[in-house]
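Chemist: Structure incoming, see below.
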Amino acid sequence: MTKIKPVNERELVLGILMEVTEKGQYSHLVIRDVLGKYQYLDKKERAFITRVTEGTLEHMIELDYILDQFSKVKVKKMKPVIRNILRSAVYQLKYMDTVPDSAVCNEAVKLAVKKGFSGLRGFVNGVLRSTSAGLGQVRYPSDPVEGLSVRYSMPVWILKLWLQSYDRQTVETMLEEFQKEKPLTVRVRPSLENIGEGGGRPPRGTGAEAVWPEVLKLQKELEGEGIRLEPHPYLPYACYLSGQDYLGDLQSFREGRFSVQDVSSMLVCEMAAPKPGDVVIDVCAAPGGKAVHMAEMLRGTGSVEARDLTAYKTGLIQENIDRSGLSNIQARQMDARVLDAASAEKADIVIADLPCSGLGVLGKKTDLKYNVTEESLESLVKLQREILTAAKAYVRPGGKLVYSTCTINPSENLENVHWFLEQNPEFALRDIRESLCEELKGDVQEKGCLQLLPGIHKSDGFFLACMEKGLPQRSN
Ligand SMILES: C[S@@+](CC[C@H](N)C(=O)[O-])C[C@H]1O[C@@H](n2cnc3c(N)ncnc32)[C@H](O)[C@@H]1O
């Protein structure tokens, strides 16, 4: 008996693209909702939907440029449904060898008809047949910045911004990296018998020389489920994970024995170097990656208060706390811009992992590059400074303030640190080199800051700075 398909994958792809491109929804949320709603789809169909939607969004500037070469009606003037059908079809023509060109054209025409555009079936068919025939001869813009923009589908203003701070080679390396498929990076939790102080840990900063026994144990277990866990060179408990479909299916994940986190984020807590019993406040903590890591590093001692703005966000933190099984951490709803006088000078460590432009994680958040604007960068810097101004008050004398962002934009990073230190002479950069593996030590700036760049480093684009508040001077 032939299987009757209640939905068509391409129709679902179109629905997602319409939500994202026309209504400004976040692609990862829309994809998650659609896959959640159509759980009966098989693994191959789900993979197709994810690949085509993410790929179409990732390459959208290039796809529109190609379509404009073959269509009399420019992409901007097309009806939104037709525009998105054509975009995803050209993505399949250019990037998916497994789908025959004729099938791509036929399916696109059928979908246009199904969506009420039978009058445009000839147009859709004609544009796609000529694109399929002429794809190999497309000429990219000769202007160097325009050329990069089309080839890597990156808005021109972002490229110009980067080219002010990084050389062309570095920018191209980052652009290539954003388009690569990469395994997940995960943080392996110390086992409960090792949660007590010390716990037979390799010394800090030893990088890959010493891989944790928990990693080796988990590696063996996952191998049996067809999943690869490979040590990451920067930290003894950071790993690459590949071969998994849905993490929730893995018992080890449900039990909190590992968490998804980029290695750059793990370095935040490494740099903060907590001591047993430390009091930690994370002012922007959701979904809780760094806060839970900090609680793990405290090995059940001290306390971590993980704050975020909304009930929804603190709910996300709580889910991660529950999964971790740790009792030295709690979530709290609080606006980081507003000074919390009760916390004045209470914390040994304040983590300020702040909202930012996200320009270091464009490979993971495919539609972000179309939503960030130059104006939004300015207001983000203002917000970051406002939050830093409130957060500094919680650091006790001798304590640390760790500032981090997932961007590669200097005005949100090093420039903010310079601004902060100028305003607050009681703070100084702390030497972070001893917390880092050999591979990273040489990239530390001004002894306390590290800018990680995608493709140059084995991590997301990320910035970290560790500042220490001086002890009061003795008067005699
Ligand atoms: C970069 S994310 C934090 C990621 C988190 N540190 C982790 O490791 O999982 C920034 C967070 O800041 C939160 N945020 C934005 N404005 C805020 C505010 N005024 N007060 C508190 N949190 C805020 C956002 O909700 C977001 O969760």
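Cβ coordinates come from backbone N, Cα and C, glycine included.
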Chemist: Can you tell which of D249, D262, D308, D367 TrEMBL lists as binding S-adenosyl-L-methionine with C284, A285, A286, P287, G288, G289, K290, D335, D353?
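Modeler: Looking at D249, D262, D308, D367, the one TrEMBL places in the S-adenosyl-L-methionine site next to C284, A285, A286, P287, G288, G289, K290, D335, D353 is D308.
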Chemist: Which ones in the same chain are close to D335 (S-adenosyl-L-methionine binding site), with CB under 8 Å and 6+ residues apart in sequence?
Modeler: L309
Chemist: Compare all C-alpha positions of C284, A285, A286, P287, G288, G289, K290, D308, D335, D353, the record's S-adenosyl-L-methionine binders, and send over the largest distance in angstrom.
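Modeler: Site span for S-adenosyl-L-methionine, by Cα atoms: 19 Å.
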Chemist: Please list residues from the chain of C284 (S-adenosyl-L-methionine binding site) whose Cβ is under 8 angstroms from its Cβ, counting only those at least six apart in sequence.
Modeler: R307, D308, L309, A336, A352, D353, L354, P355, I387
Chemist: With DSSP assignments reduced to helix, strand and coil, which class does G288 (S-adenosyl-L-methionine binding site) get?
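Modeler: For G288 (S-adenosyl-L-methionine binding site) - judged by DSSP and reduced to three states - the answer is coil.
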Chemist: Using a Cβ-Cβ cut-off under 8 angstroms and a sequence gap of six or more, which residues of the chain neighbour A286 (S-adenosyl-L-methionine binding site)?
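Modeler: Once residues fewer than 6 apart are set aside, A286 (S-adenosyl-L-methionine binding site) is near A306, D308, K313, T314, L316, I317.
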